[in-house]
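Worksheet: one structure, shown below.
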């Protein structure tokens, strides 16, 4: 019997993939409507995403098969959803990020900032969090964590080794998390055995070092997730939101773009990052802030060992190469073009030079990303000249370009491109089949709940759900439903879609929740209980920070206090309402 169960468990993913479609068949058979057919597809894909019986990208291809066969959409219409403008923005942004990573520019930035901030305990945590968050705004959270974690552990190993040297009398000082006892006292246990106070102190220092190591590891993975929310291309759920809004509300006037998102999410990220720093500092370093900030005699000498590790690694990078300088310049140009394309509060180059008949920019953020990427394929990686061909001695060849297709092909997460497309196809299918309208009608009783309370409840729901499911799958499943709900109760769709998108990045409690969590957990020194204890309160802090942002500075950015004309599904229902305020008390 045990062997039978083991066999079934070994084949569980095959069984789930085969049995789920059959188990759900009564729904489309009994209720023969397009709404039911679309619901069958969504439920099937949601369960496959949650169980990961199939790769996420493979599950995302289901609409290409199911929607045409069920009469929901033509195959040509479904396939268009898999490479929309949002996918282009993701693709172009990642190519720039790959160039930054390929030429080690991110590591140079990280080490330089750490040299500036210093290595006192609290400041070391803050330094790693700031660097990790900044880098994850532009490159993948996973790559940022994988780069920062070895640097952090190298510093910690040097600290621990230096503390041992100080105790043994050698001249290699480093700062200590706890002050050393000025005298070596001897205590007697009940059984008469003598125990040196220095042994107790050494054990205490080892425990303190372990806790500091745990805190630094969690700082890195948490700040990678937090930093990703600040920019539109920082993490995939942000792009899912933009794509869903453009798909569900084609007349929205490009309300979610790089500049508007940054104005909303960047202050939220800063607040959440600082609160996370304070919480992790209290949890792992204690309440003695004077000691945490390294105020005391001889601090300048004691911190040199850790500082030397960072300085040595920075020196090993050597001077900036031509490729690094070029990537830096192109990256700055990219960010400036993103911000000034269509900022909203002043005329941008997009809606001035390349405007359509409605005065809107014909160029998108994706256009800018692809433009900069193409330049990287053209620019040489060295100062123009000839180099020796290693394969053919005696022959000269041109230096390689800053970005080559082999590098892009090796590092591009093509599965995420397909996953994005599957989400957009689901949203369009929900709209075409009438499922979105049906859901909206069923959710009209929620109109009696205050909008702020609705947003908080939904954020908590998403934050819990994303601990067990991919954040991309979570936003893909929930955002169309939230949009329908908002339309039904005459609430600005972004008032619930924006906070829930951010909440999908609040996966702090479990190692399996995000790749950064898994990387940190795999390094050792952490238990699941450590991550859960730190992440639980951080989830609550995150929801509160998001609630603050959605009810304050995001209101003038997205005009959340009114119901927009582009969101009307029923022209009479919301137009007749004298006030459609989403802000409590207005």
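Cβ atoms are placed via backbone N, Cα and C, with glycine included.
Sequence annotations record features per position, and here TrEMBL assigns transmembrane segment to 12-31, 43-67, 87-105, 117-139, 258-280, 316-339, 449-465, 477-496, 502-524, 536-555.
Note: the stretches the transmembrane segment (87-105) and the transmembrane segment (449-465) are not in contact (fewer than 3 CB pairs below 8 A, sequence gap of 6 or more). Contact between the transmembrane segment (258-280) and the transmembrane segment (43-67) is not supported, since fewer than 3 Cβ pairs fall under 8 Å when only residues 6 or more apart in sequence are counted.
Between the transmembrane segment (449-465) and the transmembrane segment (43-67) there are fewer than 3 Cβ pairs closer than 8 Å, counting only residues 6 or more apart in sequence, so the two stretches are not in contact. Here the transmembrane segment (502-524) has long-range neighbours at 141-142, 144-146, 149, 153, 217-218, 220-222, 224-226, 228-229, 235, 237, 265, 268, 458-460, 462-463, 466-468, 471, 474-475, 531-532, 534-536, 538-539, 542-543, 546, meaning same-chain residues at least 6 beyond its ends whose C-beta is under 8 angstroms from one of its own.
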